[in-house]
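To keep things clear, I will list the structure first and then write my remarks on it.
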Amino acid sequence: MERNHNPDNCNVLNFFFADKKNKRRNFGQIVSDVGRICYSVSLSLGEPTTMGRNNLTRPSEFILLGLSSRPEDQKPLFAVFLPIYLITVIGNLLIILAIRSDTRLQTPMYFFLSILSFVDICYVTVIIPKMLVNFLSETKTISYSECLTQMYFFLAFGNTDSYLLAAMAIDRYVAICNPFHYITIMSHRCCVLLLVLSFCIPHFHSLLHILLTNQLIFCASNVIHHFFCDDQPVLKLSCSSHFVKEITVMTEGLAVIMTPFSCIIISYLRILITVLKIPSAAGKRKAFSTCGSHLTVVTLFYGSISYLYFQPLSNYTVKDQIATIIYTVLTPMLNPFIYSLRNKDMKQGLAKLMHRMKCQ
């Protein structure tokens, strides 16, 4: 019985099992050919349909719709967010100056608080000034490069905040659970190491996200339904496959955020166990009072972030802007008040600073 030969099968077999006369390819050439085939397949998986290719582009600019698209809302919103920005910058700047000018505040806890205040100033400066300009502008545009730059520093400073909060939790753990070894453990070298990690890890994280975002191909629409270039709203404009990007957000991003959060949880569990062993009620109150401000900031910061980012891209809606405002605008503004109102040393330091400024 004669076998039917499929020409396509023969071609594939001949590619790998050619006779000696035609088999001039070495192993490296075969690997190269297979690599080109795999690369072509991967590109085809990431490409949109032929119908949509004509609408693909890398836009020169985006349009930020902001908090409201109604013209009559723009000036009232400007009147609301300008004072918020000024209060945030001035409040955090006063915290920094008070800590630097008072020798009693030259401790690891206040060192990290001063750095947190500096990062909060940078954090809101990345977002609010551009938002204020757009409130008074008719175009509300942001260039492609400016958008990626804003996204980079937003992610970097936001994650730096979380790592600094973790460093402050570790400081409180050592102060309460190991008070006799506090100076030795929380040395200048340890504080600098925690500070370097708090800056380096978030910046590597941001760089990875920006590189992945820059590989995306966008559709004809360049309208971002948000008040700044956040990761999720920009992803929604992409026509190319952003599966890798979305998986990275949900895995690597989760790891970057959960690492400091885990440090905070473990530190406070150890603190709770230690405080419950204190016999006097006054001692328990004193121990908890040193952690109250930090816990309030952690709750505000991580509560809004977990609600916003740990959800699929398809579930992201305009309503999530409220959660974004909490951790991008309100939390940096409230930090100086939270850390100073219930902190006797901080209030005294601020009072001394204000007295010096009046005398000058």
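Just so you know, glycine gets a Cβ as well, placed from its N, Cα and C.
Membrane sidedness, as given by the topological domains in Swiss-Prot, differs between Leu64 and Met186. Across 108-129, 151-170, 190-208, 247-269, 322-341, the stretch most heavily in contact with the transmembrane segment (287-309), judged by Cβ pairs under 8 Å, is 322-341.
Broken down with DSSP, the topological domain 'Cytoplasmic' (171-189) shows 16 helix, 0 strand, 3 coil.
Sequence-distant contacts of Cys147 (disulfide bond), defined as residues of its own chain at least six apart whose C-beta falls under 8 angstroms from its C-beta, comprise Glu61, Phe62, Ile224, Cys229, Val234. Against the transmembrane segment (151-170), stretch 190-208 shows more Cβ pairs under 8 Å than any other of 108-129, 190-208, 247-269, 322-341. The number of other CB atoms found within 10 A of the CB of Cys239 (disulfide bond), across every protein chain shown, is 19.
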